[in-house]
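One structure below.
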Amino acid sequence: MATVIPGDLSEVRDTQKAPSGKRKRGESKPRKNFPCQLCDKAFNSVEKLKVHSFSHTGERPYKCTHQDCTKAFVSKYKLQRHMATHSPEKTHKCNYCEKMFHRKDHLKNHLHTHDPNKETFKCEECGKSYNTKLGFKRHLALHAATSGDLTCKVCLQTFESTGVLLEHLKSHAGKSSGGVKEKKHQCEHCERRFYTRKDVRRHMVVHTGRKDFLCQYCAQRFGRKDHLTRHMKKSHNQELLKVKTEPVDFLDPFTCNMSVPIKDELLPVMSLPSSELLSKPFTNTLQLNLYNTPFQSMQSSGSTHQMITTLPLGMTCPIDMDTVHPSHHLAFKCPFSSTSYAISIPEKEQPLKGEIESYLMELQGGAPSSSQDSQASSSKLGLEPQSGSPDDGAGDLSLSKSSISISDPLNTPALDFSQLFNFIPLNGPPYNPLSVGSLGMSYSQDEAHSSVSQLPTQTQDLQDPANTVGLGSLHSLSAAFTSSLSSSTTLPRFHQAFQ
């Protein structure tokens, strides 16, 4: 049997070309058409056959160029891997003990020490430990070769040199002896065997072709997560360094540390129908009437106009004020230029106040004016806590009228109380649809006079005064106001009442 020499390999290279490039999906493994003439091994490329031939001849053409290093290797890849050990920088780090390594395979071998299921092999002669059976047997072969024994400890076969013995030990890598783990799990599609079922499932992507791991930098897909990690470290190392060195952006103050307890209280209530909300008592709640649009459904003649609790979006819902701030009393102010209440809350509740005020300004600006030649004076109504007897309830609020000075005689055509009657519950006549655009309602003199006289008795608290904060009774209006009403004109705007 002839020995393979470099000259023979050049002839083989010319006659048969090895397949180049990566294997496409669905293609079978390339056939090993290059057998070794000294052993029964075969290879799929001339380069691999050449590297293997060095194990028979003992030649190591790739020598280390570092000073005071005499090591040589059979392939250029192994030389490059060895050169990393001379570099002062260790790029491979253990995530468990922070230990650094020059080579990735050294780190991989070190990780076995952190695996409780892995068994270590300790040499009895020198005390050195190994994590793999192959490494341990190679170490024993070195001790045996030093003493002159070149016998394999597995099959008891004798070899002529230490290098040949070490090459032979690779054939025993999958065999078990003395409690060493065995590859019991075989792939259903090929002959490969694995230690665990997890390794088999990870290997199955080779046959299924699934690539579920996407690179976020180049959109390349991989079948295994470790392959994606290896690709990102190799091809996108600069991008990863930028991500690690970039400072953490400070979040917007409006999105940081913002707790919204009202939202949690409203979620179970918003899912209820409006009829259930009106009939269901809620403890420790505040009833407000915030109108968002003039096109609200009105009841038929003879029915009572109820004051319902609405939000700016038209949803009927009680607001739990204890959740917002339980230790402060609220003061309500209602300017005549608006149809809704604005909430005056302490500093911690300013965001809620700003939202309601901005909504009211939009509503006021969008409403058309019925009389443009008249002017409105600034008058305010306040909701202040009553200081009466304890029977009235500690949390009740009453609607008190501030001091009003009437400088001019009241002119009936210039008066408009439609805004007032839009948010005060009255037992009045049916709603006039022709006055929807101007937010107004028409009443005769008798009806308006009787309605105004009934104001202190019609307004009632919607909830239990012991647990809720309701709207108090209205003070009686001025006699000059009630005596000047006319039956032939539509009631003017409310904010123009007191000129």
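Heads up, the Cβ atoms here are built off N, Cα and C, so glycines get one too.
Some features that Swiss-Prot has for this protein:
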COMPBIAS  369-379  compositional bias 'Low complexity'
CROSSLNK  Lys244  SUMO cross-link
CROSSLNK  Lys263  SUMO cross-link
REGION    1-33  region 'Disordered'
REGION    2-84  region 'Interaction with KPNA2'
REGION    243-499  region 'Activates transcription'
REGION    364-400  region 'Disordered'
ZN_FING   34-56  zinc finger
ZN_FING   62-86  zinc finger
ZN_FING   92-114  zinc finger
ZN_FING   121-143  zinc finger
ZN_FING   150-172  zinc finger
ZN_FING   185-207  zinc finger
ZN_FING   213-236  zinc finger
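In terms of DSSP helix, strand and coil, the zinc finger (92-114) has 11 helix, 4 strand, 8 coil. Sorting each residue of the zinc finger (185-207) by its DSSP state yields 10 helix, 4 strand, 9 coil.
Within the chain, the zinc finger (150-172) has long-range Cβ neighbours (under 8 A, six or more residues past its boundaries) at 55-56, 58, 134, 137-138, 140-142, 144.
When pLDDT is averaged over the zinc finger (121-143), the result is 80.
Broken down by DSSP into helix, strand and coil, the zinc finger (62-86) contains 11 helix, 4 strand, 10 coil.
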